[in-house]
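Undergrad: I have a structure I would like to understand better, so I am pasting it below and will then ask my questions one at a time.
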Amino acid sequence: MRILSGIQTTGNLHLGNYLGAIKQWVAMQDEMEAQGSECLFFLADLHALTGTVTPQELANSTIEMAATLLAAGIDDRSILFNQSRVPAHAELCWILQGTARMGWLNRMTQWKDKAGKNRDGASVGLFTYPVLQAADILVYRATHVPVGEDQKQHLELTRDVATKFNQDFGVELFPLPEPLISKAAPRIMSLRDGGAKMSKSDPSDLSRINLIDSDDTIVAKLRKAKTDAEPLPESFDALAERAEARNLVTIYAALSDRSPQSVVEEFAGQGFGAFKPALADLAVSVLGPIRERLVQLLNDRTAVGAELAKGAAKAQALAAPTLKAAQQAVGLQV
Ligand code: TYM
């Protein structure tokens with residue numbers, strides 16, 4: 001069993017990333033330690049290049065995100081690194097570009113969403129993004145990939161790439177990785193629009209809680225979060241048509257490690273005038289200590305960079321034999 005996951009380095013991490021991914025990563029790290037094994041977690045800085053990031057933003061966000069992961073509890077028991085420091089990702093990606101098919105990539109919803117109508121103007125990297133993601137996973141022969149729902153399609157593509165490569169070259173090099181989509185890892189939606197996921201790219205900062213936000217900002221954003229005038233029902237299922245209300249209950253449940261049903265039972269009959277302050281208190285108590293560690297780490301960026309370099313050396317050593325086997329399988333003389 002090998003566990004690996006990645007996150008894009010674009011802007012600050014938010015509550016959606018924390019509850020949807022990082023919290024699971026930390027839990028996974030504990031679980032794997034108990035089994036005498038280690039997880040690989042990386043910052044997808046090469047993937048970030050497919051968007052419109054400035055050099056300064058990329059450099060800063062790589063260190064800031066590494067600091068955030070360390071602040072959230074990822075430590076020496078895991079291998080933490082940035083993708084570009086391990087050239088095996090890009091090298092395997094090029095080989096797998098020969099395996100992936102245009103039709104597969106054309107079907108990717110992320111590509112369709114991000115490219116929009118102007119496909120001719122989109123970067124080639126945005127189109128081949130999932131092939132690099134496949135390489136990220138396959139270069140370590142990872143078996144399990146903890147991700148949110150939105151990455152499921154990229155995981156399916158990774159399996160397709162692995163299957164075709166193994167078949168085309170008559171090898172059993174790549175295991176088929178499974179997405180690990182934890183029930184405790186909900187899809188967190190925007191605070192302004194219950195139909196859109198909480199995202200770094202939303203132009204409204206009020207739509208998300210960033211992990212760097214101060215206690216006051218967290219409280220203010222939750223106070224301004226969109227809701228409705230109805231009280232909370234007795235059953236979570238009754239919130240199906242009330243996207244914003246459902247999202248706030250989901251956030252409360254995830255922050256407190258409880259089921260959404262037990263949360264609505266506690267607040268049944270109460271309106272958001274009562275629920276929002278309770279949610280704000282809870283959010284501040286969970287996120288406040290993470291932010292404090294983060295602020296400390298951001299004061300020592302060199303040390304954070306050194307952690308990434310240490311992780312990259314370990315990752316490169318793990319990736320090297322698989323890359324070599326893939327190169328040999330396709331006939332490259334390296
Ligand atoms: P990224 O950077 O968009 O998101 C990182 C992780 O956070 C989850 N996530 C969310 N979960 C719940 N609610 C939300 N609002 C929310 N927003 C984000 C994502 O599902 C993801 O698990 N392509 C990947 C990065 C990547 C990767 C990989 C992941 C590159 N290579 C290899 C796994 C394995 C991405 O853009 O994630």
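Placed from the backbone N, Cα and C atoms, the Cβ positions cover glycine too.
What you are looking at is a predicted structure, and each value in this text was computed from that prediction instead of being measured.
Pasting the relevant annotations from TrEMBL:
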BINDING   Gln8, Thr9, Thr10, Gly16, Asn17, Gly148, Glu149, Asp150, Ile188, Lys197, Met198, Ser199, Lys200, Ser201  ATP binding site
BINDING   Asp136  L-tryptophan binding site
MOTIF     9-17  motif ''HIGH' region'
MOTIF     197-201  motif ''KMSKS' region'
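Could you place these features in context, so I can see how deep they sit and what lies close by?
TA: Following the DSSP three-state reduction, the secondary structure of Gln8 (ATP binding site) is strand.
For Asp136 (L-tryptophan binding site), other Cβ atoms within 10 Å of its Cβ number 29. In this structure, Asp136 (L-tryptophan binding site) is part of a helix by DSSP.
Residues of the same chain lying 6 or more positions beyond the ends of the motif ''HIGH' region' (9-17) and with a Cβ under 8 Å from any Cβ of it are 43-45, 48, 51, 53, 57-58, 61-62, 64-65, 68, 82, 148, 187-189, 197-201, 208-212, 251, 283, 287.
Helix, strand and coil counts under DSSP for the motif ''KMSKS' region' (197-201) come to 0 helix, 1 strand, 4 coil.
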Undergrad: Other Cβ atoms within 10 Å is the metric here; tell me which of the binding-site residues Gln8, Thr10, Asn17 scores highest.
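TA: Highest number of other Cβ atoms within 10 Å: Asn17.
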Undergrad: Measuring Cα to Cα, how many Å separate Glu149 (ATP binding site) from Asp136 (L-tryptophan binding site)?
TA: 18
Undergrad: Among Gln8, Thr10, Asn17, Ile188, Met198, which binding-site residues lie by ligand 1, judged by Cβ under 6 Å to any atom?
TA: Gln8, Asn17, Ile188, Met198
Undergrad: Out of the binding-site residues Gln8, Thr10, Asn17, Met198, Lys200, give me the one sitting nearest to Asp136 (L-tryptophan binding site) by CA distance.
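TA: That would be Gln8, nearest by Cα distance.
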